[in-house]
Amino acid sequence: MRVTMRRVLLAVGSVVALMVTLHLGQQVLECQHVLSKRRHRLMRPENEELVMVDSNHVEYRYSKEMPLIFIGGVPRSGTTLMRAMLDAHPEVRCGEETRIIPRVLAMRQAWSKSGREKMRLDEAGVTDQVLDAAMQAFILEVIAKHGEPARYLCNKDPFTLKSSVYLSRLFPNSKFLLMVRDGRASVHSMITRKVTIAGFDLNCYRDCLTKWNKAIEVMYSQCLEIGRSRCLPVYYEQLVLHPEQSMHAIMKFLGISWSDTVLHHEELIGKPGGVSLSKIERSTDQVIKPVNMEALSKWIGHIPGDVLQDMAHIAPMLARLGYDPYANPPNYGHPDPLVVNNTHRVLKGDYKTPANLKGHLQVTQNTSSSH
């Protein structure tokens with residue numbers, strides 16, 4: 001009887017142990033499945049959204065699919081004016097230069113160009129797919145969180161447009177505004193305002209014009225490669241002479257509804273939901289003024305004669321972009337009456353730098369890289 005009872009208990013115990021084992025096994029499998037799903041979700045940041053809430057408790061969702069706007073060009077080509085005019089729109093926020101985005105883009109480009117470095121990264125599992133996902137997340141985070149939320153976000157870092165083809169792949173619905181300005185004016189502005197740019201010798205017009213030509217050639221070529229539906233060259237001179245016509249074309253290109261506020265950005269400087277300016281950006285003291293012609297032809301009479309004679313060879317992009325390399329002064333066109341009036345008021349001294357923006361404008365230089 002004892003033996004029989006012992007066998008029964010042993011059999012029952014074995015069955016219970018088997019059931020417990022099966023149950024635990026099922027639980028382990030279920031946990032692994034859940035964890036696998038979580039890991040898969042966590043490892044795909046490009047599918048996630050950033051959620052931000054403004055002061056009125058309106059929620060905004062941002063992702064790689066959003067219609068980001070990138071403004072760029074060679075420094076001193078009107079990028080700050082362009083972003084200030086867009087910033088004046090009630091549904092757009094650009095904000096100050098982040099400075100960091102063009103630098104990480106340059107690093108990403110360097111990793112791709114170096115065959116040895118790319119091989120090391122691939123061996124370590126840091127593939128192009130991994131890097132691109134990280135770049136997407138990083139760039140979106142910086143653009144979204146360095147200012148107030150808005151329906152449309154834009155970024156203005158001049159040299160980002162040296163990577164516009166790459167950015168167009170990271171953000172498939174993004175659009176690009178390439179600011180184009182007479183290189184002679186851009187270079188004269190760099191030199192006289194002491195805007196330090198890596199690789200540019202501010203003591204030499206010839207060197208700066210050569211570097212300008214190289215930089216704008218890269219940006220313009222990438223703009224053409226992206227295509228007219230994604231990248232719009234915006235001529236600074238035409239924006240200044242005909243702001244309303246130019247801004248209508250720009251807003252149509254961006255698919256954003258029209259607002260007259262884009263023609264009066266100076267009235268929204270420092271106001272909530274308006275135009276935020278940096279004390280240390282070199283263009284701040286200019287964009288506090290309305291659109292005017294004051295800076296259009298300041299370069300005339302300052303470029304050395306030997307450089308003027310060789311202009312077509314030093315900067316062939318001038319002719320390619322539609323400028324006459326031998327016209328001194330060139331004929332940029334006739335201004336709208338509004339611009340004429342604005343210019344008279346500026347020359348009279350009607351616009352002064354606000355007290356909250358004084359103190360740093362003349363001592364801090366732009367250290368953007370041309371690489």
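Cβ atoms are placed via backbone N, Cα and C, with glycine included.
Listed in Swiss-Prot for this protein:
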type     : residues                                     : note
ACT_SITE : E97                                          : active site, proton donor/acceptor
BINDING  : 76-80, R181, S189, R193, Y236, 283-292, K298 : 3'-phosphoadenylyl sulfate binding site
DISULFID : C94-C154                                     : disulfide bond
DISULFID : C223-C231                                    : disulfide bond
CARBOHYD : N341                                         : N-linked glycosylation site
CARBOHYD : N366                                         : N-linked glycosylation site
REGION   : 99-103                                       : region 'Interaction with peptide substrate'
SITE     : K156                                         : site 'Transition state stabilizer'
SITE     : S283                                         : site 'Transition state stabilizer'
TOPO_DOM : 1-8                                          : topological domain 'Cytoplasmic'
TOPO_DOM : 26-371                                       : topological domain 'Lumenal'
TRANSMEM : 9-25                                         : transmembrane segment
Legend entry - Secondary structure composition of the region 'Interaction with peptide substrate' (99-103) [DSSP: H/G/I, E/B, coil]: 4 helix, 0 strand, 1 coil
Legend entry - Of S189, K289, N292, i.e. the binding-site residues, those within 10 Å of N341 (N-linked glycosylation site) when Cα atoms are compared: N292
Inset, instruction - Using T79 (3'-phosphoadenylyl sulfate binding site) as the reference point, find which of the recorded positions C94, K156, C223, C231 has the shortest Cα-to-Cα distance to it. - result: K156
Inset, instruction - List the same-chain residues at least 6 positions away in sequence whose Cβ sits under 8 Å from the Cβ of C154 (disulfide bond), in sequence order, or say none. - result: L68, I69, F70, I71, R83, L86, V92, R93, C94
Legend entry - Inter-residue C-alpha distance, K289 (3'-phosphoadenylyl sulfate binding site) and K156 (site 'Transition state stabilizer') (nearest angstrom): 19
Inset, instruction - Measure from the Cα of K156 (site 'Transition state stabilizer') to the Cα of every one of the recorded positions R76, E97, S283, Q286, then give the nearest. - result: E97
Inset, instruction - Go through S189, N292, N341, our recorded positions, and report the one whose Cβ sees the most other Cβ atoms within 10 Å. - result: N292
Legend entry - Nearest recorded site to Q286 (3'-phosphoadenylyl sulfate binding site) by CA-CA distance, among recorded positions E97, C223, C231: E97
Legend entry - Lowest local Cβ density (other Cβ within 10 Å) among binding-site residues: R76, K289: K289
Inset, instruction - Work through the binding-site residues one by one (R76, S283, N292) and name whichever has its CA nearest to the CA of C231 (disulfide bond). - result: R76
Inset, instruction - Report the mean pLDDT of the predicted model across the topological domain 'Cytoplasmic' (1-8), rounded to a whole number. - result: 55
Inset, instruction - May I ask which residues of the same chain, at least 6 positions away in sequence, place their Cβ under 8 angstroms from the Cβ of C223 (disulfide bond)? - result: L161, S164, F176, L178, C231, P233
